[in-house]
Structures are given as C-alpha cells and as structure tokens.
C-alpha cells in the first residue's frame, strides 16, 4: 500500500519462491509491503515492512567530472575550471575534490581543504618553475566518484600572450570638415602592451582638438572639429615583448574645393565665340572634382549668364557672343561636398584673331614606282594658328575629280608616300593645309607623272662559287643580286676562260636559258684550269660580272663513300613472316659509289628487289619467310674508299617441328612422351607445346595437351591392347609449327619380363642313356603366359651347357646320354 493510503493492494497470489518483483510502482512515492504464507488449509498471518520504502533508482558514486581546463597560469598560481559529471549517481553532488601531483612524484595530494561546490579554483602558493598535473573528483551522498582525466603538465610561470587587436573602424573613413571623429577598439596581451598612435608615420600628440584615451582593454583616438589637414593614414600599434599588431585607417576630411587656378587663358577668340582654359584647384577638398560651372558677363551689364554647369574638362567654348563687345568669364569648381569660390578672368573683346592657312606652293613628285609616288611640299603661312594637318589629293590627268589619298592625318612632315596607284596611269597631286580655324586653299597641281617603276641594270650576282666538278664539267652556284634595278631578273649569263687566254667564252647564249642561280658548264677539257664569271640580266641590260674567286682545275672530284642509315637499318630488324622487309640507306660519295648487298657473305635471294638511285639504295623482300632472316650487309665503294654496314634481320614465324620424339614406359593405360625443342623457334619464345594422339584405326587426331610448357607429357587413359600414334607441335606468338609424329604405332600393353625359374626340379627315373625329369611352375610368369620350358644338360666337370629341347609340359625325358 502507498504510505499515505490505508488500503492494501494484492500484488500476486502465485509466488512459490521466497522473493518477488513488484511492478507498476510510481517513482518518488513511498510504499509499505506485507507477505503471508498459504497452504491447503488456508492463509497464515501477514508480516509487514517496518518502515516505508521510497521508490527511486539505486544511488551510486558520481561519474568523473568533464572538461577540466587550465584558465590561467602565473609563476605561483594555477586557475582551473571544470564541468559537472554527465551522471551524478542518482544523488546531488555535495562537493568536489581537486588533487595535484608534482611531476616526478607518484601520489596525488588533495588541494582543497574546505568543502568546495564551485567548479572554479585557483591553486596558490606554488613554486615558480615546478610542473604539476591536476585532476578533480565529484562526491555525493554515497561517496567520492572517479577522478577526471588529468590535465597536461603545467609549469608555474608568468603567462605570455602576444597582443590582439580588435578595431571598431574600417580601412577608410570619410569625415566632413568641422565634424568630430574617433577611432576605437579593444586589445589584450601579456604583459600589458604599449599603445602608440601614428598619422602618416608621425606620432600623434594630444592638443586642444586631439584626445587619446587608453584603458587596460580599450583604446581610442578622438579629433574634435576636424580640418582638411587631419586627413591621412592613421596607424595604431599594440606592442609587448612577444610581438606587435597594427591597425590602419585612411581618414579623408572632405570639404568643398578651393577656386580653380588662374589666370583664365583665352586659347581662341572669334567674333561670335571664345575658347578658354584654366588649371584645376590646388585642393580638390578631398573629393574628385565632379563639375566646373562656367558663367559669362558683358562688361556693360551686371548680369552673369550661365554657359555650362556640366563639364569636367579644364577648357570650355563660350558661344553666342556679340562681335566687338568685351566679356568676363568666371569659373567655379564643384565636388560632392560643395562649390568653390569663383575664378574671374580679365576682360576680352569678341573679334576674329586667326584665319585658315595659305595655299602651299606647287608640290614636287619624287621616287615614282608602278604603284606609289612621294609628294613633297613647303610649309605655308599658318594663318596665326598652328597647322594641325595636311590634306594630299590626287587625280588622273584626264579626270576632273580630286580624291584624298588617305583619311589619316599627315603631320608634321611635309612629304607623303602616296600608295595604291594604278601602273601605267598618269597622275597629278595637290596639297592643302589645315589649322583649328579650317582648311586653306589647295596648292597648284604638280607636274603629271606616270606610275611605273624606273628600271636600271641589276647589281652583280652575289658569292659565285664552284660547288662540284667532274673530268669535263663544273657546277656553279651563286645568290641573286642585292639590287634587281627595279626590273625582274630574266636570267644569268655564264662565261668561262681558260687560264692564259684573253677571250671569255659564253657557256649559255641567252639569259633566259639559266633562270636559276646554278649552272653546269660542260664540254671542258680534263686537266685544264678555267676561270668563271656570272652576270645578271634584266630588261635594262646586263650587270657587271661577278667572278668565281679561284680558278678551277677540271677533273673528277673524289669524296669517300658515306652511308646515312634509315631507321630500318638498326642493328636488328624484326619483320613478321608474310610482311615486307625493307632495308634502305642514303648514300653519298664522288664519284657515286658502287653498291653491293649481301646476305651472310653470299648473294641475296633472287626474290629480293634491289633499287639503287643517285642518292641511296633500297632492298625489299615481299612475303618474307623464316629463311629470309639472317645478317644482311650493304657495301658502298668508290676509288676514295669503301664502307660497310650490317643489320641482323629476324623473320618472326611459327616455330619448326620438335626434335627426338620418344615414347617410353608403355603401360596398358598410359605411356610417357618426351621430345626436344625445335632447332628454330621462329624468332620468338616458344609459349607451349600441343600433344595429340590417334588410334591407328581412326582418322581423327585427339588433343591430349595444348598448354604444356614442359618437353614431356604422360599420356593417360589409353585402351589396353589398342595401337596409337602420337604427334607434337610447338607454338609461339606467331602460331603453331609443324607436327613431328611417331614413326610406328605404340601398343598399349604392360611391359613383359622373363619368367622366374621353374621350382622343384627332380628326376623321376634313370636309365643308362636317359633320365626322366619333372618340375613345378615358376612363381612369376613375367606378365605373359609361359609357352614352354628349355631343358639343358651338362656333363659333370664340363663348362658348357648343352641345349636338349623346349617342352610345353612340366616333365621331360632327356635321351642320348
């Protein structure tokens, strides 16, 4: 029953043990319990609990406290904090026990003397330089729980922390003139840092308008009634022995600009308008000039009239003036923060002061080509304003319309190369000058010219030389003339002279027979020495001759042979059977060498195609077979020497047949096959062997192994008494080679041995010339049925046995004794 009720509630009637679990109780309530025993006669008296029982979870010691942390360390104290255990054991925490252990000692010692419930504690009175570790335990009504995890070892010393800086202002600050501004922030560090303020790298000092306030954690620089000079880059430095931190702010104190800088310059003055210019203000007020306001005033009136209020240029056109009147101009500068005081000009009368340039004199035409001409003229009077451009015009003589030769400005030069003329046409040219006022009159037309190239004789050819020779010819080579005389080079004339003669002979009759920069002079006499010279020819005529520097003796030039190998003449050339083998090399030498191809010092196969050209040689064998492999050599020879190169050719093919096929250990159901590798592996490693068998009565071969890497195989599962043939082939990556086959069939039977000796030989009867013998069968018959017994006799004392006869039975009568 509940302690505050009087009624009892039955829990169970079926308990036969001496214990019971009561379910459905309410946590936090107190209960009484009673028990009675019962037998078949009835129920006995109840026994009741003496005091009420409060329902709650069982109480244990608390778990270990969590997050034990070191918050501060000095040379003689350590401050620690922690969090309560996740579980208090079912009872409130009554106190915490903090313990410490000096590093090097074994035991922890209690730090707190009094009862402590706070989760923060400062251990004081420590010795500087000592190192401790700490742990904390929680206690409840049951007792003290497990200690927390230990802190890391903590050495007692004054804590050092580098400075920190947290600023309340941004990188840039804009302030209106007269307003106050302040730069504030927070800082920290151990030991306490020193705070320094700088403006444009100069230390800021306090005065009537400048205030500096620094506390242990905050800093502030304030300026009252700011002026333009307060603009600049401010820097605050927080520094202690461990380092420093800096913060920056670009302060811009803005105001309206100062007046534009005078005097006002009258760049142009006309009867109805003027162009004025000025210089920007010395001080733009800290903000970009957004606008100039220009006004004009007739000096006879007091009224200023607006001209424009929307220009950022420092020049302006003043329109709508009355000729002969005097005017003043005033100019204001404006920025985002206001309008400056004005700049006022002197008085200026509106009248024309300048005019367009005069016409230039008649231009002169030079350097005429088929598509261009150079026009040259003298500078005319500029009309009081500098000339800014010249306009050059052209027209065909028979035409009436003048056309500008370019849209681009022509200045300051007084000559211009006119492009894009039509060859053969006749042209005239004229020039006009232009200044700010306008374009002046054109010059008189030039004298007419025809657009065509002036042609002169070419310069001599360059660097003629003899590059080759034989016993009756010399090869000459040269470079084109440096100047073609503005005419196309038609060709070249080549002349030669025998040393000692005075006359030069022509090697070619016309220049167009030698359009190239080389020529072979033939028909010379062997052994004689000749001089050579070359002339260039264009439509204007022949150039001066260019001489070959040294006389040339006519004879065959000797150069030893030289071989330049192609890639297919490497030391070893692999080619797959059936493909085409190609060997080639570039050959040099004078005279051209004799070419010889050989294979293993013999003539190459007739199937080989050999080609020899003036620059090299090539050997080609189509549909190669394995026999085409071997060492090929190429020999080139001329009177100056010889040279030989060799290349090993491997024709990759299927392997040859295995060798020495042998069958041994024949049994009724198996035999052992062995062989040797082929003499020729086809140029590639043998990967496996294929073994096959055939019943002599069958036409079909059956594979018994197709992946054997060994050179032997046990043929199993033979039919006893059957005759078999066997064959073996080798395989490589290029295919399967031919089979080698057993010469005669192998019969699958167990091997035969001689029978054992007959047993129990004895005589049955004896006569004067004969003996009757008898015996028993031997223990072993040697694997086959015994077909007979050989009977021999020997006279006592003799060495030799005499054969009598072979009998089929187990007895015999030996006669003739």
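Just so you know, glycine gets a Cβ as well, placed from its N, Cα and C.
The region 'Disordered' annotation in TrEMBL falls on one of the ranges 374-400, 401-427, 428-454, 455-481, namely 455-481.
Listed as Cβ neighbours of the region 'Disordered' (455-481) (distance under 8 Å, sequence separation of 6 or more from its ends, same chain) are residues 487, 489, 492, 494, 496, 517-526, 530, 532-549, 552, 554-557, 590-591. Helix, strand and coil residue tallies for the domain 'Fibronectin type-III' (359-454), in that order: 0 helix, 37 strand, 59 coil [DSSP]. Under DSSP, the residues of the domain 'Fibronectin type-III' (460-557) split into helix, strand and coil as follows: 3 helix, 44 strand, 51 coil. Broken down by DSSP into helix, strand and coil, the domain 'Ig-like' (561-646) contains 6 helix, 53 strand, 27 coil.
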